[in-house]
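Take a look at the structure set out below.
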Amino acid sequence: MTRFVLFISCFFVIGMVVECKDGYLVGNDGCKYNCLTRPGHYCANECSRVKGKDGYCYAWMACYCYSMPDWVKTWSRSTNRCGRGK
């Protein structure tokens, strides 16, 4: 029983350490990656480039990625600086 509890505890600790995030990819200008005129596989390729698991073009406007590492910058409304200069 002790081994089982230890195993479950380790499982939760590993789950907390290996967290990934989902979100819109952001370019150097602070704007989301535009995919309106790109081929269908563009977003999946861009997400793979930053070590994401998968991605797609959300509503034909911006690339949305799944399971990216924490170091990848993603767009959020609170930190949006797209179109505001540098």
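In case you wondered, yes, glycine gets a Cβ from its N, Cα and C as well.
Listed features, source Swiss-Prot:
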type	residues	note
DISULFID	Cys31-Cys82	disulfide bond
DISULFID	Cys35-Cys57	disulfide bond
DISULFID	Cys43-Cys63	disulfide bond
DISULFID	Cys47-Cys65	disulfide bond
DOMAIN	21-83	domain 'LCN-type CS-alpha/beta'
MOD_RES	Arg84	arginine amide
SIGNAL	1-20	signal peptide
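Note on the domain 'LCN-type CS-alpha/beta' (21-83): its mean pLDDT in the predicted model is 93. Under 8 Å, Cβ to Cβ, and six or more positions away along its own chain, Cys63 (disulfide bond) finds Tyr24, Leu25, Lys32, Tyr33, Cys35, Tyr42, Cys43, Glu46, Cys47, Gly55, Tyr56, Cys57.
Counting other Cβ atoms within 10 Å of each Cβ, the disulfide-bonded residues Cys31, Cys35, Cys47, Cys57, Cys82 show the lowest value at Cys82. Per-site Cβ counts within 10 Å over the disulfide-bonded residues Cys43, Cys65 peak at Cys65.
The Cβ of Arg84 (arginine amide) has 8 other Cβ atoms within 10 Å, all protein chains considered. DSSP assigns Cys63 (disulfide bond) to a strand segment in the three-state reduction. Under DSSP, the residues of the domain 'LCN-type CS-alpha/beta' (21-83) split into helix, strand and coil as follows: 11 helix, 21 strand, 31 coil.
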